[in-house]
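Asker: So TrEMBL says this about it:
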type: TRANSMEM; residues: 181-201; note: transmembrane segment
type: TRANSMEM; residues: 222-242; note: transmembrane segment
type: DOMAIN; residues: 227-367; note: domain 'Peptidase S54 rhomboid'
type: TRANSMEM; residues: 262-280; note: transmembrane segment
type: TRANSMEM; residues: 316-335; note: transmembrane segment
type: TRANSMEM; residues: 347-365; note: transmembrane segment
């Protein structure tokens, strides 16, 4: 009697066969099954002087039956390939093509998930950019309306209190003092926000949260909110100090040109728009990596002032003896960022710089006329909502 091989997984049993008796048929059937199923090693010893091929040809069912039989056995044995898991893509910091700048945080342990369809990655950021820009300018128009209304109300309240003293016109020095206070409040608030976020980077337990929400990267799972939050985020003290110095240098000029409400709308929108341009460049070139900093928004401020006052004289902070016109400085900055974007320089996010500069030029040239001067319908709607709202205490309208 022939015993089954250890580990073969088959039981003894008679197999009907007209070739060589039940034992030979059983052994041949076992060898054919082992060869077809793939559940064990092939059985090769000849039986009764007959070769393995002859026994297989004599005992095997028809070709059609064999295929069906093999199909069900393979399903039963369960030898199917497991689906291949998609591994998350790590940041390119370990490759030679990517050299981490000292201005961005280390992201060696951060996993990024680039989409298999890169163009679809830009759909949400595009809608977020358009929607946020519209909300920023709409909020700025309402803010200006409320500010003017408050001033007028204060003026008439003063007349009611003491009309003899208040009827005299306001001194010019008082108005300038109020404007300077507003300007200082605007850029002081921006600087304070940047300093606060910089301090958060120093907390070790917040590193993952900061990388996820305060660095913009089209390969990250969070795409929209970092476009705004990264505008106030700096990992390097030198990076933050340089950006805040440039903002402080040009803030008085840009606020005098645009006003504090319009300046805030332009600054916040510029941060989002420059990050969107950075997204487009990274998706187009496949050079994914995190970006952060207020450079894109500050480039908008710089470009707007240089476009409005091209003959103004500028100087480098460390080389004050060399001066140049604002127009020439803007041309040099655009040329450098264009070259950096094409050549793939990694020290700065040149695409964000270029996007911010182009937005500043466009807004001063065309955007102010197209956007800010057409805010009247929105202000009228807001005025009607305010005047037609019920009075305090539930009185009539």
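Note that Cβ sites are derived from N, Cα and C of the backbone, with glycine treated the same way.
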Asker: For the domain 'Peptidase S54 rhomboid' (227-367), report the average pLDDT of the model, please.
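Answerer: Within the domain 'Peptidase S54 rhomboid' (227-367), the model's average pLDDT equals 90.
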Asker: When secondary structure is assigned with DSSP, how many helix, strand and coil residues does the domain 'Peptidase S54 rhomboid' (227-367) contain?
Answerer: 104 helix, 12 strand, 25 coil
Asker: Using a Cβ cut-off of under 8 Å, list the residues of the same chain at least 6 residues beyond the transmembrane segment (262-280) that approach it.
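Answerer: The answer is 121-122, 125-126, 128-129, 132-133, 136-137, 139-140, 143-144, 186, 190, 216, 218, 223, 226-228, 230-231, 251, 254-255, 291, 294-297, 299-301, 304, 349, 351-356, 359-360, 363, 368, 372.
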Asker: For the transmembrane segment (347-365), what are the same-chain contacts with Cβ under 8 Å, counting residues 6+ beyond its ends?
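Answerer: For the transmembrane segment (347-365), the sequence-distant neighbours (Cβ-Cβ under 8 Å, at least 6 residues beyond its ends) are 101, 103, 257, 266, 269-270, 273-278, 280-282, 291, 293, 295-304, 307-308, 330, 333-334, 336-341, 371.
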